[in-house]
Amino acid sequence: MNSIFSEIGILLKKDSTLEWREKTNLNGLLLFTVSTVFVCYLSFNQKSVQLSPITWNTLFWIIQLFAALNGASNSFTKEAKGRHFYYYQMLSPQAIIISKIIYNAILMMSISFIGLGVYSVVLGNPIQDMPLFCFVVALGGFGFSSSLTMVAGISSKAQGNSTLMAVLGLPAILPMILMLIKLSKNAIDGIARSQSMDEILVIFAIDIIIVTVSFLLFPYLWRS
Amino acid sequence: MKGAWWKITAVILLFYTLVGGLLLSVPRLDILNETIRNLYYHVPMWFGMMLVLLGSMIYSIKYLRSNNLHDDLWASELTNTGILFGILGIVTGMIWATFTWGEPWSNDPKQNAAAVGLLFYFAYLILRGSFKDDDQKAKISAIYNIFAFAVFIPLIFVLPRLTSSLHPGNGGNPGFDQYKSDSNLRLVFYPAIIGWTLLGVWFTQLRVRMKKAEDKILDID
């Protein structure tokens, strides 16, 4: 068990070093989020229209959803083909999937927070319970990454077809995003936090199911 | 004729469902009126779909353990049957909803969840189509099938119960149990579930045999 944790640590370090060294991926993702936000801002023509909180909320999560889809889709295709054989001999598949999920979660959380910053600057900020909203965004980053990492693994086996990633990923992420939208609506309205416990529990439950299933299935995917 | 007993059972049960469903008395209820007879068609579609998809997932697990392409064929054909049941379930539900809720699609969480569930399994078909190699196709789609089922179950069983739904038994609505206290409904409802599910398995078996025959013909060519 101990070795899995150390393997996860090493893989996380490897992934973040790699990301930092080749910044195009990270920068591309950031630029994608920012430009999508800007396109939305211009399309809504903010000067004359004030977005209602519901539209604001939904639009925010849709943008996050597509940023996450883009971010996750190359989590297994970044590296040179031959290197996978090397990992295959050195590491346990469980360590690989867990480290990818954690890594994607960190990546998506940071993208989401930067996105939130830009979004609230240009499109206004109707949130009343900011700490809860930030918690939801963090939860969303983890939820997106847990749902999408396994899907990215599956679609990378089909020669990294990007349509396939969207087709497989969107239904997988839907229960998560519905819960997130509901929860963040509570945060926007500033409803008592005890009212949101149900949704938080459901999100955690979905996360646990998905991570467990990924943990069990990834070894088979890896071997093929 | 050996092994045909369950097909005969399916035919008898479905014949009984058709006749009994139309002739036996049903409780007189406001709004529902005679449409309550759709209980014998709409609800068994969902039961059949869930059972067939469960079977498909079990075959996918079997495939991952055995690497036998026969198991994969069963898994994929059971999914096809599940999709057929799902579409029929949505259509019968929409017809029922038109007469009871006033419109075919009323943004009910269960309707939405069912539609998303179908998206999952359409994606499964797309995924299967994008591989050339049979073993690779079987393995990856088995993995996705298990994954999809694990995500689909909370989607359709947990989420609708948290939100308000027009369906019975959700969001504070009374369940169907109170109507079922009329034992006439049960008398047809349970046989209908068994009958439709058996019919689905029969469909699947025929399609599996057809696929195998096609493969054999291709091999000869």
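Please read every residue number as a count from 1 along the shown chain.
Heads up, the Cβ atoms here are built off N, Cα and C, so glycines get one too.
According to TrEMBL:
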DOMAIN    B:21-161  domain 'Cytochrome c assembly protein'
TRANSMEM  B:5-27  transmembrane segment
TRANSMEM  B:39-61  transmembrane segment
TRANSMEM  B:82-101  transmembrane segment
TRANSMEM  B:113-131  transmembrane segment
TRANSMEM  B:143-163  transmembrane segment
TRANSMEM  B:183-203  transmembrane segment
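Comparing B:39-61, B:82-101, B:113-131 for CB pairs under 8 angstroms to the transmembrane segment (B:5-27), the maximum falls on B:39-61. The stretch from B:82-101, B:113-131, B:183-203 that makes the most Cβ contacts under 8 Å with the transmembrane segment (B:39-61) is B:183-203. Note on the domain 'Cytochrome c assembly protein' (B:21-161): its mean pLDDT in the predicted model is 85.
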